[in-house]
There are 4 protein chains.
Amino acid sequence: MGLVNHVFSEESLKKLHVSNLGIGHTRYSTSGNSALENCQPFVVETLHGKIAVAHNGELVNAAQLKRKVMRHGVGLSTSSDSELITQLLAFTPPLEEDHTADWIARIRNLMNETPTSYSLLVMHDDVIYAIRDPYGNRPLCIGRLIPVNNEGRGKRSAETEGWVVSSESCSFLSIGAEYYREVLPGEIVKISRDGVQTLDIVPRTNGDPSAFCIFEYVYFARPDSIFEGQMVYSVRRRCGQQLAIEAPVEADLVSTVPESATPAALGYAEKCGLQYVEVLCKNRYVGRTFIQPNMRLRQLGVAKKFGVLSDNFVGKRVVLIDDSIVRGNTISPIIKLLRDSGAKEVHVRVASPPIKYPCYMGINIPTKEELIANKPEFNDLAGYIGADSVVYLSVEGLTSAVREGIKAFKDEQNGINGKTRSTSHGHCTACLTGEYPVELEW
Amino acid sequence: MGLVNHVFSEESLKKLHVSNLGIGHTRYSTSGNSALENCQPFVVETLHGKIAVAHNGELVNAAQLKRKVMRHGVGLSTSSDSELITQLLAFTPPLEEDHTADWIARIRNLMNETPTSYSLLVMHDDVIYAIRDPYGNRPLCIGRLIPVNNEGRGKRSAETEGWVVSSESCSFLSIGAEYYREVLPGEIVKISRDGVQTLDIVPRTNGDPSAFCIFEYVYFARPDSIFEGQMVYSVRRRCGQQLAIEAPVEADLVSTVPESATPAALGYAEKCGLQYVEVLCKNRYVGRTFIQPNMRLRQLGVAKKFGVLSDNFVGKRVVLIDDSIVRGNTISPIIKLLRDSGAKEVHVRVASPPIKYPCYMGINIPTKEELIANKPEFNDLAGYIGADSVVYLSVEGLTSAVREGIKAFKDEQNGINGKTRSTSHGHCTACLTGEYPVELEW
Amino acid sequence: MGLVNHVFSEESLKKLHVSNLGIGHTRYSTSGNSALENCQPFVVETLHGKIAVAHNGELVNAAQLKRKVMRHGVGLSTSSDSELITQLLAFTPPLEEDHTADWIARIRNLMNETPTSYSLLVMHDDVIYAIRDPYGNRPLCIGRLIPVNNEGRGKRSAETEGWVVSSESCSFLSIGAEYYREVLPGEIVKISRDGVQTLDIVPRTNGDPSAFCIFEYVYFARPDSIFEGQMVYSVRRRCGQQLAIEAPVEADLVSTVPESATPAALGYAEKCGLQYVEVLCKNRYVGRTFIQPNMRLRQLGVAKKFGVLSDNFVGKRVVLIDDSIVRGNTISPIIKLLRDSGAKEVHVRVASPPIKYPCYMGINIPTKEELIANKPEFNDLAGYIGADSVVYLSVEGLTSAVREGIKAFKDEQNGINGKTRSTSHGHCTACLTGEYPVELEW
Amino acid sequence: MGLVNHVFSEESLKKLHVSNLGIGHTRYSTSGNSALENCQPFVVETLHGKIAVAHNGELVNAAQLKRKVMRHGVGLSTSSDSELITQLLAFTPPLEEDHTADWIARIRNLMNETPTSYSLLVMHDDVIYAIRDPYGNRPLCIGRLIPVNNEGRGKRSAETEGWVVSSESCSFLSIGAEYYREVLPGEIVKISRDGVQTLDIVPRTNGDPSAFCIFEYVYFARPDSIFEGQMVYSVRRRCGQQLAIEAPVEADLVSTVPESATPAALGYAEKCGLQYVEVLCKNRYVGRTFIQPNMRLRQLGVAKKFGVLSDNFVGKRVVLIDDSIVRGNTISPIIKLLRDSGAKEVHVRVASPPIKYPCYMGINIPTKEELIANKPEFNDLAGYIGADSVVYLSVEGLTSAVREGIKAFKDEQNGINGKTRSTSHGHCTACLTGEYPVELEW
């Protein structure tokens, strides 16, 4: 329990045995309590040896599966849907002792039992299986460890020292690995001494395209991560450019709510020809912000988080780009801060569409009632947050900003022989549109 | 993890909901690692609701049961045999959802699956089941909570405020309860709002007498605990008296290795007519003793643990009573301490027989090789430990010291109508004699 | 801050440099707050190098001294009177840089400034000074480290490996040292590579005898410690014998409130010819006892601390020896416990006189109002605590029990040539009699 | 000890009494060990009551002062020069008890004893004194707390709720205060219920101008802080503009080593007309970086700290702005990272001059030997760090960037009646030029 840096101290790492494979997990709990028992990976002993399971995602049919597992006579010790996956892998037939353990059959069976969402790592013996559900809802990608003395600049080394799997490719660089490829929706990948091998690609039952979570681009992923062949930063910059087309404004300068909105702000400034200027600086040492019951305290909380660079905007009309406005609690004290420090006008432009619907596939979104887009105040949002104007990016604008990069990647891929992989790249936009890619059942 | 006083701080206790029933467990791990995951009680969700299980003991057929549970398809998350009990209770038939949960049938089934050793508490809904295995190998007893304003002196209050169950009766007094009775070997007791009710008494399959661990009397139990109708202190004093008969010695005074050997020392002194004197005082603030690689450090370790009351024995011949000599590491520096401080002679008398065999029923005994009784040095033990003489109590002496009190208790019981309960009181002396009460199988 | 075992963990000890001398201090704060800043030893840098000071005791003229030091222009950073000692040592003349630092003069000057109570260790450069105030109010003694391979039994080794100084001699054994001698009242001892050397003995100004705290014998000291040539245990046993003479009682057995009253109980039993029996056993694992606002909770607190060995006393008349009754809160639930468990009569005999007056010399005694001896209930103490009778030892009884051993020691010393040291052994009995050995001034 | 957020938890803050004044200190130790005893504020009791002292800076004549204080007979308990200040305030004459405590005289006397560097807060009774040394070497400024319901936008409220003093003005906003003014070099300010009052302004003895540390602008201060009437961010942007004039380069884009170099990078891009683009993104969750003994590990350390936004610069010529290159260890792995990810050229421009000399006034600069500017590698720095070119800003460039803003501020001040304060604004550039503003003596 706790931050990776605290849990995996130098001392605790020294105690680990040197070995050839391993899996880990950092959990920001969405389903199941934040309790020690829910920490992953789940390790259980089965008749055919130990397995360890790490799971990113949330099973849409968890309640139904839970009854099924308990009906079989298993006592469940946690509230986590990841334990269900582990027990399903343990009791999937064949269970006779005289049979060999057919892990592939077990994994396929699991994928029949639950449609989405899961990106999984299953470790058994000297093999790691990397699995992505048929919807491809959660990301998963593979990296290649490059040998130590590689001094090559800008070109790939021929040798491979090992393989790593991660939800986000941004983690590869810091351990000396480079991005290799995504695990495809429905793909079962086996990683062993023999390298990376595709065992199967399980399609969605109805043949529909995959449904990758579009919110990873907007909010969750690090800007240097690669999904579907493109860098997240580039998508965000295109969102800013698209926003400049959809919602231009007469102003003196464009700025950002640092740091997440900066790519969109640079894209906006670039497209509309206004100067990009910093109006806020982030206080690196700010700690937890407690819940603040009134405007005065929220104001101080924001002023603790950001410093104001008033000399840069006194008397000016500011276009302030934010990446998303979810509850609407943070943006209004920021606007007040800028006005109190001398901004003449503050126009807010949001580089994503409003969130209106809950997510059942692993993203922790506030309840419908808490979402500003479902509140009466949304009708006069500019007045409510104290802005001179406020405009969100359209869903179509977001989708086209995402697809533009995928198209470019596919075109490039098609030009290169051998490496093309055909998947229809659909996206889950349920939180924005209410169109869920899977039937929800309890 | 940790001491009860640290884990259950005032703050953590405040967070508990006020409720009517609960179970707890303090574990000194004998089988299974000392890991957080092995902490008890085990709580699992089953088709028929949550159960919580606390287990004292060690299953003699744990390995066989483990295979059985895993063959059923259950992934086991701990190395504890107590998890086996919990999963056996979860999947015991009937498992159909349309059937009611027959917990008694499940408990009986569990008792068929494993002979010994277990004293169990199973909490489900608003009921606690207290179960003792047919061998009665581990203790379990029931106490009665007396209402608050009870001012009665020396007689029982008619009212009952609640019920408590414990391995040792010594715990009752400190929570305002009084000893009620033992759970009998093989008994399934149901404790609910309706009071204490015997559901069944499952006998040993072959009709043999029970096999209560005799070492509880010798070493583990607190002296104020009651087993089989007698106080442990009284057994220990009779052991000392018996030892005086078996192994008298011409000396000036009798003393003890405090505190555990004191009842035996007082019994010895009483029987042989010598004066009882303290030669050592315990240092209450001594912390952990680290493993000490040589005689000099062991000597200092003992001198840190005990102060020497040299004025009490300078120039005297000392009979030193110890409760047991297991490895022989502690007694020799004590003897040296006494001699260095002026004792003329030191005769050691041990108030229990030598331990020679391992225990598979929950007692953490050193390996056969570590036991002093299995070493060549045992042939000249007095010389090895630096004593003028050393004698152990005989197995028969110990057994008769134990049985004398049971007989007295039964006689008293038979004189009182209604309360007599017929159980043949046998004892497990396997660690002393190698005669195990159950066939050991793996 | 905290227990020695926690603060000086193996890890923290490993970080210490190996060296030839050092001082330490465990503080149970009596004057000054229990704050980190008051932890000893105090280490300050002076014009003539660093000094470290450890102080046991409490300065009777602390307030006056504090003003004096501050008037000199020193800002005081703690509330501890030990800091006053340290600053007095730093600024005592001569202060000229061209003079050498005359530490002896500084120590003598300090002893002129404050009469009592202090036992001090002052470390400077490669010397440790051990100093006891002219009243000898707090104990201080010297031990001799014996070389490692010493196998001598019962006789002193000729060689010396080093020297240790302690408030209580009981600590010597556990570090491989043996008792050498006391530091005398008013003595300044220098310990260096050249061994132990008496620099001066500063007498009480009026030539009165020393005033060693008699309560060390009664309550504070460990029974195996040696003061004024006698073992504390022996004094306590003689107190019990004296008590049997002063306050006999017709009863069946004598017992103790373990563990501190045991020597007195054995002495009492011995003298009056009754059997010594244990009626209570101490629970070793009991933690902190919180303040208990009512009788019911105090009763449970005592029942948590002690187990009751009822079989040993059911239907019997018990003489219960306690070492002291200060507030009277603990003894009554113990008596109730014994009665509830079957004692026929409970007669309390206290092996020390009642405490009536505050201590200003380092002993943490409750306020006058809290002392049971100053309350109206004292007139019918037996009724108040629920005993059949209660008698304290007389002040004369205590004094004679103490002096008997000193006389024996002196006689023995006088028989041996060379080692006799003439000090008149007076004692401070202020808390019992109100006769303070020093004028109290603020 | 520890981070402010850990030390001042909600719980610890609750324990503080509500009061009207207080001082605090966060210490990044430069002189004196990082030990608990050196934590500030220093609180001592003096003859005239308690004083608490917080000190930012380092006394250039600490060694000399220390001897002086000890010669007076004070034992010093810490290695901190701040304790010297505290003791000097305690013993400064007049010390006679019948005199009142003249704190102003004491402060003036302190300022005579030591020239620089110190910004001080001294709390006594219900007054806080804010003091800046005559050189004005360390910053100190005053803020005004604005009443709660202030809704005024962009203009000052007439009312004042209280006063705050800080080294950096950036802290004011987050507690609801606004910047009021700087404490002037040599100024003694008294803050009490009566408001802010200048007691004296002590000039440099020789009438030279003040010597504010220029490195506060370059490196230490937060960009939103105000010194000498100008925002630090603006100085840094002007440094970037100046650097574009001094060291232009033919390239495709300008970027920053985030976040400290961003103002300079935007200034550089603005002045030379190249596009500003992000090439690195900071990983917010990176913890401590351990010392990395070789290039490979340093490379991974940098790759853990920064993500690479390769899509933004593949095939491009990059001008990378850094705020300073001190040791040269960080910049080379960054350059390698950019080249490995596809940068065609990497030109480094440093927005400050090379550091060559140690600081004795409170700034923790590496030893002369560690500074890259003093190493042979400095002659071919571009080759050493792997850049295509590298140029530092000139000292004159830095100075003019700083003075430009002061001049603008003074012009503005002079236009406003009453508020002009005459101080000649000199700067300490000793670490860059070796010209120390004060004679260094030990």
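Indices start at 1 and increase along the chain as displayed.
The backbone N, Cα and C atoms fix where each Cβ goes, glycine too.
Note: TrEMBL annotation is automatic and uncurated.
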Checklist entry - In TrEMBL, the Mg(2+) site includes B:Asp322, B:Asp323. Which of B:Ser260, B:Ser310, B:Ser341, B:Ser389 does it also list there? => result B:Ser260
Checklist entry - Do you know which of B:Cys141, B:Cys170, B:Cys213, B:Cys239 TrEMBL groups with B:Cys359, B:Cys428, B:Cys431 in the [4Fe-4S] cluster site? => result B:Cys213
Checklist outcome for this item: Should one count Cβ atoms within 10 Å of each candidate's Cβ, the binding-site residues B:Cys213, B:Cys359, B:Cys431 would be headed by B:Cys213
Checklist entry - What are the other residues, in sequence order, whose C-beta lies within 8 angstroms of the center of the C-beta atoms of B:Ser260, B:Asp322, B:Asp323 at the Mg(2+) site? => result B:Tyr219, B:Thr256, B:Val257, B:Ala261, B:Ala264, B:Ile321, B:Ser324, B:Val350, B:Ala351
Checklist entry - If you measure from the Cα of B:Cys431 ([4Fe-4S] cluster binding site), which of the binding-site residues B:Ser260, B:Asp322, B:Asp323 is the nearest? => result B:Asp323
Checklist outcome for this item: Spacing of the two Cα atoms, B:Asp323 (Mg(2+) binding site) and B:Cys428 ([4Fe-4S] cluster binding site), in whole angstrom, works out to 18
Next on the checklist: Long-range neighbours only, meaning 6 or more apart in sequence with Cβ under 8 Å: which ones does B:Cys428 ([4Fe-4S] cluster binding site) have?
Outcome noted: B:Tyr135, B:Asn137, B:Ala211, B:Phe212, B:Cys213, B:Ile214, B:Met361, B:Tyr436, B:Pro437
Checklist entry - Three-state secondary structure of B:Cys428 ([4Fe-4S] cluster binding site) from DSSP? => result strand
Checklist entry - Where among the binding-site residues B:Ser260, B:Asp322, B:Asp323 do you find the Cβ with the fewest other Cβ atoms within 10 Å? => result B:Ser260
Checklist entry - In terms of DSSP three-state secondary structure, what is the assignment for B:Cys213 ([4Fe-4S] cluster binding site)? => result strand
Checklist entry - From the Cα of B:Cys359 ([4Fe-4S] cluster binding site) across to the Cα of B:Asp322 (Mg(2+) binding site), what is the distance in angstrom? => result 22
Checklist entry - Around the [4Fe-4S] cluster site recorded as B:Cys213, B:Cys359, B:Cys428, B:Cys431, what other same-chain residues have a C-beta within 8 angstroms of the site's C-beta center? => result B:Asn137, B:Ile214, B:Phe215, B:Met361, B:Ile363, B:Thr429, B:Ala430
Checklist entry - Hey, how far is B:Ser260 (Mg(2+) binding site) from B:Cys359 ([4Fe-4S] cluster binding site), Cα to Cα, in Å? => result 22
